[in-house]
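Database features (Swiss-Prot):
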ACT_SITE  Asp129  active site
BINDING   Leu76, Cys77, His78, Met114, Glu115  substrate binding site
Amino acid sequence: MSGKLTHIDQTGAANMVDVGSKDETERQAVAEGAVRMKPETLALILEGNAAKGDVIGTARLAGIMAAKRTSDLIPLCHPLMLTKVAVEIEPDENLPGLRVRALARLKGRTGVEMEALTAASVTCLTIYDMAKAVDRHMEIGSIRVIEKSGRKSGDWAVSDPASMR
């Protein structure tokens, strides 16, 4: 890592990084997050009895849609031609709550970690929105990139992707 911010020019102004001279490579990133909630809220969601409908299905779709709109939300992100976005939502009774994992993939000149992070974040936000009427104490957290591949500098992954900070 160079230790230099890439989105700031020599005058301190924000700028979009020029990736035009980079080679296209297969790139992938995976991000995770979690929504902690009361055990009763988790049960309600898993039973499909939430007042707003299918929480898991709706949240998955929201995450996929969000990944495709990342450059509209994050000012200096490049618009990307994603080839795959997948969102997994798994119950964790020990949390208690739902764990989210989002994957973004493309063949291109820049990474897709912001798209994976956006997918994971919006998935968690949608879960919160759909269940807030029954549990106002839900907590969204541990949103982070857990793996990245296709970079010139090599692949990267956290040592324990199941850990929660």
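Just so you know, glycine gets a Cβ as well, placed from its N, Cα and C.
Of the listed binding-site residues, namely Leu76, Cys77, Met114, the sparsest CB environment within 10 A is found at Leu76. Each residue contributes its Cα atom, and for Met114 (substrate binding site) and Asp129 (active site) these two points are 22 Å apart. Taking the recorded positions Glu115, Asp129 in turn, the residue surrounded by the fewest other Cβ atoms inside 10 Å of its Cβ turns out to be Asp129. Cys77 (substrate binding site) sits 26 Å from Asp129 (active site), taking the C-alpha atoms as the reference points.
For the substrate site, the Cβ centre of Leu76, Cys77, His78, Met114, Glu115 serves as reference, and the other residues of the chain with Cβ at most 8 Å from it are Thr70, Ser71, Ile74, Pro79, Leu80, Thr110.
The 10 Å shell around the Cβ of His78 (substrate binding site) contains 17 further Cβ atoms across the protein chains shown.
Site extent for substrate: the farthest pair of Cα atoms among Leu76, Cys77, His78, Met114, Glu115 sits 13 Å apart. In three-state terms derived from DSSP, Leu76 (substrate binding site) belongs to neither a helical nor a strand segment and is classed as coil. In this structure, Glu115 (substrate binding site) is part of a helix by DSSP.
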